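Quick look at what TrEMBL annotates:
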TRANSMEM  B:26-48  transmembrane segment
DOMAIN    B:26-367  domain 'ABC-2 type transporter transmembrane'
TRANSMEM  B:177-198  transmembrane segment
TRANSMEM  B:227-251  transmembrane segment
TRANSMEM  B:266-291  transmembrane segment
TRANSMEM  B:303-327  transmembrane segment
TRANSMEM  B:347-368  transmembrane segment
Amino acid sequence: MLELDGLTRRFGDFVAVDDVSFTVPEGHMIGFVGGNGAGKTTTMRMAMGLLAPTAGEVRWAGREMTRTDRRRTGYMPEERGLYPKQGVLDQLVYLARLKGQPENEARLQATGLLERFALADRGKDKLEKLSLGNQQRVQIAAAVMGQPQLLILDEPFSGLDPVAVEAMADLLREHTAQGIPVLFSSHQLDLIDRLCDGLVILNRGRVVANGSRDELRSTGRALQQVRLDHDAGWLRGTPGVYVADVDGTSAVIELLDDGARRLIVEEAMRRGNLLELKEIRPSLSEIYREVTA
Amino acid sequence: MNDNRVEKPWLIVATREILVKVTDRAFIVGTLVSVALIVGMLGLQIFLSNRTSTTKAVVTTSEARTFADQVGTVAHQRDDKKSVEVTQLPDAAAARAAVTAGDADVYLAKTEQGWQLTFKDSVSGDLKQIVQEQSVQDALQANATRLGTTVAELQRGTTVTTQILEGSEQQAGLAQAVGFIFAILFFMSALGFGLQIAQSVVEEKQSRIVEILASAIPLRQLLAGKVVGNTVMALAQMILYTGVGLIGLAFTDYKNLVPALSASVAWYIAFFLAGFLALACIWAVAGSLASRQEDLQATTMPLTMILTLVYVAGFTASGMVQTILSYVPVVSAVLMPVRLVEGSASWWQALVALLLNIAFAALTVYLGERIYRRSLLQTQGRIGYKQALQLTD
């Protein structure tokens with residue numbers, strides 16, 4: 001389990017990351033969300049030991065994370081690029097060897113990854129000779145070289161073509177299935193919605209939301225969609241009901257106390273028919289907009 | 001934690017630096033062209049010194065024939081590639097016709113005042129001088145005999161000889177030539193491989209691959225690998241160039257200089273190593289201060305200035321200035337080997353200069369490593385040297 005505890009980073013008077021704490025449990029995929037300048041990259045750089053925290057601590061398996069732990073962490077920096085003038089296979093092996101993987105093992109893993117991305121015959125080519133999409137696939141392979149025990153990826157999906165997005169998603173899921181914690185940042189909320197077990201929303205350097213999708217959804221106001229076969233205007237006078245919007249026979253309301261639901265059902269049946277009364281589940285982007293507003 | 005299975009990271013980095021270089025076509029071509037240039041220059045030297053020239057002279061009298069033969073003997077004594085071929089023709093008109101037609105180079109005839117040389121369109125200075133000397137010699141001989149004395153007696157007290165107190169004349173000329181060559185080689189190699197270090201640092205920084213590297217291995221190891229890899233390549237290339245030069249020299253007229261030069265080249269290689277190392281980490285710093293390749297011109301400025309100074313000093317320094325500079329680190333790499341060739345410095349002086357250079361290299365490696373480590377992960381544009389010294393981890 002990766003634990004970030006009270007991480008803070010100041011650049012002069014500017015507080016880029018302010019008391020950020022969250023965990024990435026074994027086998028969990030956590031999405032890291034926030035606008036530009038929210039502090040995601042700074043947080044990840046601190047987690048990787050590339051930037052010293054002004055305060056706080058990064059822990060792995062319950063103790064302070066060491067260089068050896070980080071050596072076994074797959075990391076993808078925000079602005080990516082490998083060596084353009086080196087052979088694809090060679091640089092994958094090089095990166096893995098620096099992470100401490102023996103050469104023959106690294107070669108085996110790299111060959112396997114290239115086969116998986118249908119790049120087996122391009123292993124000897126220089127990276128710059130590959131199309132942009134294929135270069136991205138090599139980049140993905142680079143992140144998981146050296147049998148990492150933790151993945152920290154800064155915007156791994158940005159700029160990927162749809163096929164590469166799926167390849168990346170599959171690869172990440174395989175890692176979490178093996179119990180490896182994965183933390184990645186992204187602007188693509190739909191992807192996070194689809195892939196992640198939990199998400200952390202950062203705004204101006206602070207964590208403004210942290211939890212599973214359902215947990216986050218339940219923290220916002222629970223609105224109800226009401227559909228009747230008659231005019232919905234009467235809802236406005238009902239006690240315990242806040243009416244957000246009325247449009248002819250339908251309305252969006254908030255139930256302020258437990259008895260209100262029963263009251264509405266009874267009154268609606270008296271006046272005609274109640275066609276629908278259901279909770280509106282806010283999308284992640286709605287939650288995001290709400291917490292970062 | 002020590003894991004025995006794990007290879008030394010700096011060694012992995014150094015191996016990559018070397019492999020990338022030796023598989024780079026531009027580098028291979030550049031090295032081969034340089035070797036070809038060295039071989040070509042030596043070959044030209046051999047060709048020029050082996051070229052023989054024969055001057056065709058025509059005469060009309062047997063007296064002139066004897067004289068022309070004497071001139072030919074003297075010319076051959078001075079330069080064994082030169083000779084004079086004499087042909088006797090019936091009269092002056094035929095001789096002039098032969099010169100005009102180009103069948104002969106010169107018509108040699110006795111006049112009342114002495115000898116006359118007739119050329120077609122230009123006078124050969126060499127021949128004119130030999131003829132002049134020879135005619136003076138003949139006249140002296142005749143006059144001496146007439147006065148009952150010898151030529152040697154007449155010439156007593158007119159001999160001019162030269163002497164050089166330190167080393168020999170040949171050494172002085174050689175030292176100058178060697179100074180030029182060492183200065184050029186040092187400049188080219190230190191600049192080329194230095195820039196290579198800076199470029200490879202900024203390449204990693206620009207592509208952010210440095211963040212992957214930095215999370216995997218200590219930056220000190222990354223720097224060490226880079227410096228070691230490029231130093232090995234620079235040294236190998238230098239040994240190749242000087243080796244080819246020395247071997248080639250053994251085939252020229254200067255082959256007697258090879259033993260003395262070899263010792264000097266060995267010193268030069270040792271100095272080059274120390275001098276290159278002294279700058280290597282600063283080149284890496286220059287790379288780490290830049291954030292894009294375009295910044296390199298500004299961040300490498302101090303280094304190119306130092307190298308230009310070394311270059312200029314190699315060509316121009318002499319006397320006291322040369323003696324002082326031959327102990328100054330980096331500059332000493334060119335000047336001390338030159339002084340060794342001249343014979344104006346002894347081995348222990350060279351050793352002192354070398355040790356000073358190594359001490360200086362240790363200092364720049366120490367400082368360079370600190371600045372490199374701190375500025376490498378800074379991403380907000382170009383950093384100044386002063387600013388970099390103040391950075392903290």
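Glycine residues also receive a Cβ, built from the backbone N, Cα and C atoms like all the rest.
Where the transmembrane segment (B:26-48) meets the stretches B:177-198, B:227-251, B:266-291, B:303-327, B:347-368, the count of C-beta pairs under 8 angstroms peaks at B:227-251. Against the transmembrane segment (B:347-368), the recorded stretches B:177-198, B:227-251, B:266-291, B:303-327 differ in Cβ pairs under 8 Å, and the greatest number is found for B:266-291. Beyond the transmembrane segment (B:303-327), the same-chain residues lying 6 or more positions past its ends with a Cβ under 8 Å from any Cβ of the stretch are 179-180, 182-184, 186-187, 190-191, 194, 275, 279, 282-283, 286, 333-336, 338-339, 344-345, 349, 352-353, 356. Using a Cβ-Cβ cut-off under 8 Å and counting only residues 6 or more beyond its ends in the same chain, the transmembrane segment (B:227-251) has close neighbours at 10, 13-18, 21-22, 31, 34-35, 38-39, 42-43, 46, 181, 185, 189-190, 192-193, 196-197, 257-258, 261-262, 265, 268-269, 272-273, 276-277, 280-281, 284, 365.
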